[in-house]
């Protein structure tokens, strides 16, 4: 029995990393060979950009590039991600738009395009990866997107809307919201075929009283439901990049591998005004792109909850004292930039099975009013021989070193873990998780620059469970998960009723992939279990919040010509999973800006 438990622990340690963090591959640089063609003619490499001369940049004339797009623009969007792509597509219907994305394209990138390879993009730590890994100062592994389409290219695909009360709290026009969600859904969202693990999760949730069962629904309503997905029936991923197809190609220019260095301002007026951006291309050459000299022209920052506050700081908007540390000229002193950062902590319980189970990502969710949501994932999608590869810097080997003092976390220690894993047969990679996400954590942190290199991650602290209410909610969530994993549906699927809750918790403690030290009572105290095994569900937000950094129209306070439109403006993560709302937000704000300039009839949307 001891050997069997040890095998399950080892199995879980790898599987937990695979499905909860998905940092298990040595895949390197695959994008270099598969990103061409770019699918749309308006997408080009940044090196194709022809910088305007000083005279043309100061003019509002219709000077054009070789592809017919103005050298000066009505809108320059920094970040072609979850919000940036629908925003660009919408604004291009009536105005010239330059969209700058620091990564490549997702099309035909097999790390991104197929559900069975879900973990590969996150595991790839090469410079051309679709994701950029980072570790918060709390010791939790995380990732930010680096690809056209943003987080929709590297997430688990679950699609569900914000609640009506959240929409009201965000101050949005409900009629326009109800128009904007379907615009996204008609293009890239599907109903999933429910996998066996997801059926067990659904039935288990209902068995323990998480009712009513609401069937298939995009709506955020209490009870149990099946949501949408951006994976089609064959497991092929759709992304926000495909929303660009609805734009006007004559007005839209998209540059990939275009890394914005800073936003440029004219400081001769009463308030600084954004006039353009400085960016480098994939060859390292620096370019300048300028707005048209019109009061309505704007730079729109959509670089996400890591990238947007980082770009604000690098451009001189933030706490004056912090900017001076890096000799960044102060454009506007705002102490709130980078503050209010929050991540929704996730906790998981593993249910090992004696037979392989079909791979499934999030399809079913239990929505409670107790401060947490319940989801599930299962299976192993990649080819069997992948488990014998070197699994890279972000793999389970790193997390399993969390109990070793930092100075002893040597390459030899890492290799020791790798060697042990290489001998595992493929049969050990089977089972699934029941997961909980805290809905509105009260624990808050902050983001700070570590240098002035935009390619480097800033430092971010989330302060998980620093607020006692979050700990209480997590304890309740673990108790709920324990009821689910012992329900008849999961016991039947595992075909093993001998694994006790204590054993499952012990396996989760041993397997959790983070750098947080363990305590003697980690597996016996549910509160300590929550704190020591915390992982991310990648729904972090804040840093440029409404009322502190931007106003209700997402205009940056204290300057002209600059807005932030992405999850960095959120006070909370909307819905159970935010990607639907962030894509909707891009469309919503695009339409709102057009209508403000042209009227509803003139905008045509």
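Every residue, even glycine, has its Cβ placed from backbone N, Cα and C.
Summarising the annotation, TrEMBL assigns signal peptide to 1-29.
Under the heading FAD binding site, TrEMBL lists 101, 102, 147, 260, 538, 539, 567, 578, 579. Long-range C-beta contacts of residue 579 (FAD binding site), restricted to its own chain and to partners at least six residues apart, with a cutoff below 8 Å, comprise 82, 151, 152, 155, 158, 159, 230.
Annotation comment: TrEMBL describes 304-318 as domain 'Glucose-methanol-choline oxidoreductase N-terminal'. This prediction places the mean pLDDT of the domain 'Glucose-methanol-choline oxidoreductase N-terminal' (304-318) at 98.
Less than 8 angstroms from the CB of residue 474 (disulfide bond) sit 345, 347, 372, 436, 438, 465, 526, 527, 530, each of them six or more residues away in the same chain. Per TrEMBL, the feature disulfide bond maps to 474-530.
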Within the domain 'Glucose-methanol-choline oxidoreductase N-terminal' (304-318), residues counted as helix, strand or coil by DSSP: 11 helix, 2 strand, 2 coil
For the recorded positions 147, 530, the one whose C-beta sees the most other C-beta atoms within 10 angstroms: 147
For FAD, whose listed binding residues are 101, 102, 147, 260, 538, 539, 567, 578, 579, the greatest C-alpha pairwise distance in Å: 25
